[in-house]
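The annotation Mg(2+) binding site is assigned in Swiss-Prot to Asp233, Glu259, Glu285. According to Swiss-Prot, the feature D-arabinonate binding site maps to His235, Glu285, Arg306, His335, Glu362, an assignment based on similarity to another entry. The region 'Disordered' feature in Swiss-Prot is assigned to 1-22.
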Amino acid sequence: MTDANHLLDPSGALPQTRPPWTSRDSLRITRVRAIVTAPEGQPLVVVRVDTSDDGLYGLGCATFTQRYAAVAAAVDEHVGPLAVGRHPADIEDITRLIHYSSYWRSGPVLNNALSGLDQALWDIAGKRAGMPVYELLGGRSRSAVEVYSHAAGGTIEATLDQAEELLAEGYRNVRLQLGGPGLGTYGAPGTLGGYPRSPHPDGWAVEQYLRDAPRLFAAARERLGDSVNLMHDVHSRLTPKQAVVLARALEPYRLSFLEDVIAPELYDRLPEVRAASPVPIAVGEQIGSVPDAVRLVRDGGVDLLRLHTSAVGGLTPTRKIVALCELLGVRTAFHSPADVSPVGVAANLAVDISTPAFGYQESHTYNDATHEVFPGTRVVREGHLYPAEEPGWGIEIDERAAAKFPPVKFLHERWSSGVRRPDGGLEAP
């Protein structure tokens, strides 16, 4: 075993973890830690970065709900120690160093841990400048961010009832989902025993789905009219050919986008799917690295990029990816349901409000407990979100309140583990 002690400086740090330049002031990162809370049942991971300036701290979203404990451990054991002692203004150098330091890089666990630090440093930067973060990114490109919400039911009528409620609240953009045999959706249960003569009677059949989805949107246009923008999430369960079949069947109903039509393992086929689809293709929430996002945009695989921004490493890489979108005519539609913390929403909004590539923003209505844990949580008004005008993200965390909602054994993995066909075979989630 090689003795590397001769490489260490007196503080115990490897020399390359400390920059060869002198900071213009004595401000330093003093502590980095993960905070896990679940005010709506889904674990949210937020990173807090404290500094030597008493009261100056930042928050960042590191939420990977299905592996929250792994992310929290990565923050506390690996990411944080490499940042302590650094000047919080050195965001690019700190995040690149930590990205390189694992040698095997990227992936949703390490990228979410890095995102928590990265976003927290941007929060600190905004507070030091006395500016909201979007002003650090170039300022406004629009007054507010237009959002979409979800309508889902076990029947077409139930789904459209929810859609009408959203329209009454001021939404112009609604994603429609329908439960069915073997598969529920967003709080709407699926039906059991749909295939009683099959080896797995409670299964889900793609053929039935391909018949039901066009019926849903035909009924939606008839009942909701033409003024509402409609979307749909496939959840990665189709082959490339099936994706094209569905897109063509939905063409008469003028969807704003069709989401996650194929599994990430098949993303090399997206350019051909998009070329054959009359409906805009929105993909990206399952991307876990910057190179994967770049390939989607560069190679013509998407019309709208749906990043889960913490899964690619935070604001720093996201703004670079979005710059590429601006140059290549791809629009954004960031992932942001209940498994994105209010801090993550604030980071999304900073990009949304400042980029000319903005398309849509997914939204979620947080419960009262989440507002208690995260003072400053943004609220949808007439189908729009407005960024905070306070310095940084404009979001705080009440750690006493957060402690009232510890994570428990999380059942979200039931759907994310996939569904089974009537023959018992496993399909993607």
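Each residue, glycine too, has its Cβ placed from N, Cα and C.
Less than 8 angstroms from the CB of Glu285 (Mg(2+) binding site) sit Asp260, Arg306, Leu307, His308, Ala311, His335, each of them six or more residues away in the same chain. Residue pair Glu259 (Mg(2+) binding site) / His235 (D-arabinonate binding site) shows a Cα separation of 7 Å. For Glu362 (D-arabinonate binding site), the same-chain residues lying six or more positions away in sequence with a CB closer than 8 A to its CB are Val147, Tyr148, Arg175, Arg306, Ala333, Phe334, His335, Ser336, Pro337.
Under the DSSP three-state reduction, Arg306 (D-arabinonate binding site) is assigned to coil, being neither helix nor strand. With the fewest other C-beta atoms within 10 Å around its C-beta, His235 stands out among the binding-site residues His235, Arg306, His335. Across the annotated binding residues for D-arabinonate (His235, Glu285, Arg306, His335, Glu362), the two most widely spaced Cα atoms sit 15 Å apart. Other C-beta atoms found within 10 angstroms of the C-beta of Glu259 (Mg(2+) binding site) number 23, with every protein chain shown included.
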